[in-house]
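Here is the structure we will look at, set down as C-alpha cells.
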Ligand code: ATP
Ligand code: MG
C-alpha cells in the first residue's frame, strides 16, 4: 500500500505541476484503453492501477475506453472479461466508452484534414508504400497520389467509405514530411479499407482508422488530460501532437512509462492466445496464466495485485520483475486473511494403538490466529486412525529429524503428543502404517505432561476425512525470459507446471469451503477452491507455497 514517505513518481510530478499551473483547470481525467482482443494480464493491472490510482489521488476520474478499431480480432467475450477484471481489481470507471462510437466524428476529422490539404488518398500497395518510405537514414520519396487535388481526395475518401473499393486498394494518409527523421511522421496511414464485420458497428463501416489516428483523437473527444501509455509509443508522440494541433481539438497529452515484464512468463496477448488455442493451458483463466482471471482462479486477491503494482512503481526504463515479488505479495496478504485448515496431500495412516476404537473427541481450532478475534473456530474431530503426510515419517531418519521415527515424539496439531512405536510395510517395502501411543494429559491448551517436543505435524481423522483433488502449480516456463530465447517460446514451457493429487484428505470443515476465500493448509501452503469444484468433487488450487522455494541458488 501507498506509504506516506514515498516520493512522487514522474507522472505524479507532471500531474501536480499541471494542477498547480491550472493547465486543465485543475482537472484530472485519465483513461484505461484496452483493445478487446484478449484477456487482461498483470501488465494491464499495472496500467489500471496507475490510471485509476492517479484519478483517485487527485480527485479526478478515469474512463474505460475500448480501443476497438480493429474489427477482425475483437470480440464481446473480451469486452465482458475486461470489465469484470477491472471491477474485481477494485476500480470504478466514470464512463464505459468505445473508440468505435467515435467513427463518425473521426471520419469528420479526416475530412477536415483533407480540406486543409493535410491528408490524401494513396492507391499504392502496402509494399510500395513501405519501399517509398525510405530508411531512418534516407528520406522517403513522394508519389503521384501525394499531389491529388482536395476535390479528388474528398471524392475518393467518400467512395472508400461507401464501399467502392476492395481491401487494400487505397489508404488515407496524413501529409506531413517524407524526410522526417521520425519514420512515424513520413505520411502515416490514417485509414485503411477492411470489409469486415465489427462487434459493435456491424457492417456500417468498411474503412477503419489506424491506432495513431484514433487514439489521440479519442482522448481529445473525451477531454482526457493525461494519456498514459507504454514506452514503445514515445516515437508516436509527435504524431499524436500533430493531429491534435492540426485539428485544433482538446490538447490531451501523452506520457510514457515502462511496461511491466515479469520473469518465467510471457505477457503479450498474441502469445497468451497461442497458449490457449493450442491447449497448452486450460483457457485464459488457467491458474498458471499471468492473466487477471488466471491469478483470480489461482487464489490471488485484488489487494495483493494492487500492492504488487504499488511496490514495482512507475519507471521510465524497462526492467524485469521477479515472479517471486508477486508471490511474496499474495503470501503476505493471505498470511493475514487465510483461514487455517488441515489437509494431508500425500497420505499414510497413523494408528494410535492405545486410543479406544470407536472413540471420537472433538477439538476446536481458531480460523485465523493472525486476526485479533480469531475469526471464529471450527471443529476438529479426532479418532484412533489418522491420515498424516508420508514425509512426516522416516524409517531411517537423519540427525535432527524432529518428526516421526521409531522412538520419536511429536505433537499432533491442536491435539495430543504421540510417540512412534513401530510401523508396517507392504511386500514392495512401502510403509503402510505408522503405530504410535499417545500421552493422555498432553492435550493442546491443557498440557500437564511437562514433555517438550520439537515437531508438530498436521493430521486428519480417517473416518471423518473428506477427499479432494489438489492441484499444485509451478512456473509455466522453465526459463526466465522465454520470449528472448532461440526458437519458439513454447519450447520453453515447463512440462511439470501442473501436478494433480487426485486423492488428498481434508478436514471435514473444508467440505463447505467458501469460493474465492483463501485457506492455509497448515505447513502446505495457501489454497483456494477451483471454479470447477463441486460438493461431490472438491478441487483446490494451490495459490502459493508458504515459503519461496525458488530462492536463487
Ligand atoms: P499486447 O501487446 O500484449 O497485445 P497491448 O499493449 O496491445 O498488449 P492493450 O489492450 O492495447 O494491450 O493495452 C491496454 C493498456 O495497457 C495500454 O495502455 C498498454 O500500454 C497497457 N499495457 C499493456 N501491457 C502492459 C504491460 N506489460 N505493462 C504495463 N502496461 C501495459
Ligand atoms: Mg495495444
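Using the three backbone atoms N, Cα and C, a Cβ is placed for every residue, glycine included.
The domain 'Glutamyl/glutaminyl-tRNA synthetase class Ib catalytic' annotation in TrEMBL covers 28-335.
The Cβ of residue 44 (ATP binding site) has 32, 34, 85, 292 as same-chain neighbours under 8 Å, each 6 or more residues away in sequence. In the three-state DSSP assignment, the secondary structure recorded for residue 44 (ATP binding site) is helix. What TrEMBL records for 35-37, 41-47, 230, 259-260, 267-269 is ATP binding site.
A coil conformation is recorded for residue 67 (L-glutamine binding site) in the three-state DSSP classification, outside any helix or strand. Summarising the annotation, TrEMBL assigns L-glutamine binding site to 67, 211.
What TrEMBL lists as motif ''KMSKS' region' is 266-270. When DSSP labels each residue, the motif ''KMSKS' region' (266-270) comes out as 2 helix, 0 strand, 3 coil, counted as helix, strand and coil in that order.
Residues or ranges marked as domain 'Glutamyl/glutaminyl-tRNA synthetase class Ib anti-codon binding' by TrEMBL: 338-437. For the domain 'Glutamyl/glutaminyl-tRNA synthetase class Ib anti-codon binding' (338-437), the model gives a mean pLDDT of 97.
According to TrEMBL, the domain 'tRNA synthetases class I (E and Q) anti-codon binding' annotation covers 456-530.
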* binding-site residues whose CB lies under 6 angstroms from ligand 2, from 35, 37, 44, 67, 211, 268 -> 35
* Asked: How long is the line from the C-alpha of residue 46 (ATP binding site) to the C-alpha of residue 211 (L-glutamine binding site), rounded to the nearest angstrom?
  -> 21
* Are any of the binding-site residues 35, 37, 44, 46, 211, 268 near ligand 1, with a Cβ under 6 Å from it, and if so which? -> 35, 44, 46, 268
* **Neighbour count (Cβ, 10 Å) for residue 230 (ATP binding site)** => 15
* Asked: According to DSSP, which of helix, strand or coil covers residue 230 (ATP binding site)?
  -> strand
* Are there residues of the same chain, six or more positions away from residue 37 (ATP binding site), whose CB falls under 8 angstroms from its CB, and which are they? -> 70, 73, 74, 75, 78, 269
* Asked: Which number gives the other C-beta atoms within 10 angstroms of the C-beta of residue 35 (ATP binding site), all protein chains shown included?
  -> 17
